[in-house]
Each structure stands twice: as structure tokens, then as C-alpha cells.
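What TrEMBL records for this protein:
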BINDING   G31, S32, G33, K34, G35, T36, R144, K187  ATP binding site
BINDING   R57, K78, I79, V80, G105, F106, P107, R108, R148, R159  ribonucleoside 5'-phosphate binding site
BINDING   N112  CMP binding site
Amino acid sequence: MGSIVDASNKEVNGTASEKRPAVIFVLGGPGSGKGTQCAYIVEHFGYTHLSAGDLLRAEIKSGSENGTMIQNMIKEGKIVPSEVTIKLLQKAIQENGNDKFLIDGFPRNEENRAAFEKVTGIEPKFVLFFECPEEEMERRLLGRNQGREDDNIETIRKRFKVFLESSLPVIQYYEAKGKVRKIHAAKPIEDVFQEVKAVFSPEAEKVEA
């Protein structure tokens, strides 16, 4: 599939585009509480929250051919092609007036990461990583009862496996660059947010710099 990446190699090496938005990747296993904490960060620090999962689900609901393909892949516990998710994220960023974004649940693997940076020319300010034991994530997912068809025990365990195999290399890549901020996510929501605030308060002042 590498057409977008191939084409972008020429573009990225060519022009330095206008001021790029500030992006923070938000990663953590399914049920680690990323979405809840992103809502708090939006409220307190003025970021726009883009959930890769929500964008993909919205595409499924649209009934498009693209949406059907995404739905089938999610049912099988597979990862959606980078090009699909990056296009949805790019569109959301371009259509929003804000210049600082939380991207939640992406990149899910090294190929996602490399493609995002090449296609958009954006490297994240840092990665917010929610660490949470698998047992706790499983308990939360089974208990939240949102009627999502990807929340059954078999699919949940597939998602854990995919996360461990695919996303941890992304975290290790950014960790080597000093760009990972780890949050202990098994605690109560308010306690987790105190930890998040400690990460964002100094960053909030640097965004304008």
C-alpha cells in the first residue's frame, strides 16, 4: 500500500510548510482510560481531542465502502491500513481551527508512526502513555456496557495482544528520543488526572513558545 508514503517522500523533502500544529500522541491499551483523561485535558488545557477509534467508527456509520472495510478489519481484531486513518486524522486537523491536538489511539504500530510523520511532516511534542495492568483494562471494558460490538471477551483479548505486539515498539522508539510521559492509569480517575496535569502544566506554557 505505500503509495501515500512514496508520494510524500518527495513533498516532505521539498517544502517547509506553514506553522504545523502541536500534536501529542495518546497511547495505552484498550480500557486504560485514555478517552476520559483526554476530555479533562481538553477542558483544562485547550487541546482538541481526535480519537482515531471514533473517526474510524464514524466512517463505519457513514456506510461508505471504506467504512465496510474498516468494520470487517476491526471485527477480526486487525489494524486498519495507515493511509485510511491518516487521511481521517488529516481531514479532522485541517477542518479544525485549533493548533494543538491530542491524537488518541494512534499510531498503533511502527508503520503507522513512520507514515504519519512522513505524510503530515509532523513529529509529536511527546507521547502520553497510560500504563495499566491487563486485568484492570479487561474489567473496565467488560463493565462499561456501551453496546460496542468490539467489546466482547474474545475480541478484547485480541486487542490486548495486538497492542502489546504492535504499539510497544512505537513507545520504545519515542522513549529513546526522550519523548514519552508515562502515566500510572490503574488509579481512580481524579488521581490519574493529577499525574496528567503535572505533565501538561509546564507544557501548557511552552506551546506558545
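Easy rule for this one: first residue shown is 1, then count along the chain.
Every residue, even glycine, has its Cβ placed from backbone N, Cα and C.
Checked against G31 (ATP binding site) by C-alpha proximity, the binding-site residues R57, G105, P107, N112 yield G105 as the nearest.
Nearest to N112 (CMP binding site) in space, judged by Cα atoms and limited to the binding-site residues K34, T36, I79, R144, is I79. With T36 (ATP binding site) as the anchor, the candidate binding-site residues are R57, I79, G105, and the one with the nearest CA is G105. Nearest in space to S32 (ATP binding site), taking C-alpha to C-alpha distance over the binding-site residues R57, I79, G105, is G105. Its Cβ taken as reference, S32 (ATP binding site) is surrounded by 26 other Cβ atoms within 10 Å in the chains shown.
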